[in-house]
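Okay, structure first, notes after.
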Amino acid sequence: MVKSQNITWHDSEVTKNERQEKNGHKSVVLWFTGLSGSGKSTISVALEKALFERGVRSYRLDGDNIRHGLNNNLGFSPEDRKENIRRIGEVSKLLSDAGLITLTAFISPYREDRDHVREILEDGEFVEVYTKASVAACEERDPKQLYKKVRAGEIKNFTGIDAPYEAPEDPEIIVDTEENSVEEAVEQIIQYLEDQKVI
């Protein structure tokens, strides 16, 4: 629900197409989704570096980082998770309008919320990247010791354990992080971007 009234959208004199032309690549949002520990942040960090080294203008939005500032007033209830993704979707749209390739690393457990972000972007701009890994594999990795805390009863409503995760039905990219290395995942995504003539 929009609460703001008496507001006007101010158009820029620089178009998205002009920005893309200047940058030498198209703008897309690479939306990494998957369980905690599935590799979203690890792969997006490596991909951001690889794109930077190729001269591609990109920016990474990470779930934990965003909750330190923009979304520090949100918890992990279903309503707060929904608002978290709504805000990130709007920020991603702004970065896309700026002509950047945006990398987002968010569990984003609800399909409906990811679909909403797809809808607010232009056709072809939302690229869903499913970092596929089983709960068992993620729990074995447990880079933040979150699964350990869940099992000890210290964390409730944890995605994949006692809160749902709705896996993508038809993502543009599936990265099986149980079978592929970070380097292989980065190569796979860059190949997709080249094949789609984004870069």
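Numbers here mean position along the shown chain, with the first residue as 1.
Using N, Cα and C of the backbone, Cβ positions are placed for all residues, glycine too.
Within 10 Å of the C-beta atom of Gly39 (ATP binding site) sit 27 other C-beta atoms, taking all shown protein chains into account. Taken from Swiss-Prot, the feature ATP binding site applies to Gly34, Leu35, Ser36, Gly37, Ser38, Gly39, Lys40, Ser41.
Counting every protein chain shown, 27 other Cβ atoms lie within 10 Å of the Cβ of Ser108 (active site, phosphoserine intermediate). Secondary structure at Ser108 (active site, phosphoserine intermediate), as computed by DSSP, is coil. Marked as active site, phosphoserine intermediate by Swiss-Prot on the basis of sequence analysis: Ser108.
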Rounded to the nearest Å - Cα separation of Ser38 (ATP binding site) and Ser108 (active site, phosphoserine intermediate): 13
Any further residue of that chain within 8 Å (Cβ to the Cβ centroid of Gly34, Leu35, Ser36, Gly37, Ser38, Gly39, Lys40, Ser41) of the recorded ATP site: Phe32, Thr42, Ala105, Ile107, Thr131, Ala133, Cys138, Thr177
Ser36 (ATP binding site), number of other Cβ atoms within 10 Å: 25
Rounded Cα separation (Å) that holds between Ser36 (ATP binding site) and Ser108 (active site, phosphoserine intermediate): 10
